[in-house]
Amino acid sequence: MEVAFTGDSVIDGGDGGGVSKSLAVIACTAMAILYVAILYAPTLILRLAPPDSFQSHLIRRFICAAISSVTSLIACSLILPIQWGKSHLSGVYGIRLDHIWQAVVFPLSLTSLMYAGTFILKLLLVLDSGQEDGGNGRSLSLDSIKNVVHEFIESVSSMASDISAWRNFFVAPLTEELVFRACMIPLLLCGGFNTYTVVFLCPISFSLAHLNHLLEYAQRSGSWLKALMIVGFQVGYTVIFGSYASFLFVRTGHLTAPLVAHIFCNYFGIPVIISRRTGMVTVASVAGLLGFIWFLFPLTSPNLYNATTDNCMCWHRYCSWS
């Protein structure tokens, strides 16, 4: 399927590309609401019986998230100033196969710097385990390596049959990036919003979409205060990550960049900054943070991810953000 832009290329701070700011905001708000509300549609609207198992519950949610994503993609294509004929529609959403290795390797390398403390802590745990094995008369290095490799292979193989792993590392990252990055960011950019406004505005709807967990946490913990604290922390974290993911999408024009970063962060969780075991973790975390700041713009340079950075359409802003 192919599309072409109907207007001129738009630079940062322009008047947009034929989409009003109010329409862009309304559309983004509607997409965020739909993404959450549709999860409860089967029981509240369709009056279907509650799922009889956790697996059935997640599969139902997978279907709802897929419907929401497709609906948002279609709505976005109808709102944006595009017409059929000259370039691929998928490119509007950053769904591309060109420069794929750059979109995987560079964002992963950049994101991993924020987990320097986590990696050091895991390494220390492996070394401690190896020392215990050595105390039992076994080879320190060989047994440690075997255990790490064996555990890694087991964890990867178990993910294939783990429905929760499919949610955390495939369905949730993919559908969230499609809706909150691939759809919303082009709308806001074509609406004429400043680049940094888009980078920090989009994550707000992304974080608020996680408020649906409030009731779930309250029922599980039996305390609204604990639930509010958990969700509050989660919202704050998703705002930070959402800004980073939006930054990656705008800078690279490649949906793969924020997608792999999303999967990576879901796998490793919150970065470890301080550990009571040793100050090495804190030192590594600080060094990783400094490295992240230092390489943030060089490793996301638009020239690394695009054959040309001239004459961008309104839904791409990397041409004016070198």
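From the backbone N, Cα and C atoms, a Cβ is placed for every residue, glycine too.
Bear in mind that the values here come from a model prediction, so they are computed numbers and not experimental data.
Listed features, source TrEMBL:
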TRANSMEM  23-46  transmembrane segment
TRANSMEM  58-80  transmembrane segment
TRANSMEM  100-121  transmembrane segment
DOMAIN    165-268  domain 'CAAX prenyl protease 2/Lysostaphin resistance protein A-like'
TRANSMEM  195-215  transmembrane segment
TRANSMEM  227-249  transmembrane segment
TRANSMEM  255-274  transmembrane segment
TRANSMEM  281-297  transmembrane segment
Contact between the transmembrane segment (281-297) and the transmembrane segment (58-80) (3 or more Cβ pairs under 8 Å, separation 6+): no
Local confidence of the domain 'CAAX prenyl protease 2/Lysostaphin resistance protein A-like' (165-268) - pLDDT mean: 88
Composition by DSSP (helix, strand, coil) of residues within the domain 'CAAX prenyl protease 2/Lysostaphin resistance protein A-like' (165-268): 95 helix, 0 strand, 9 coil
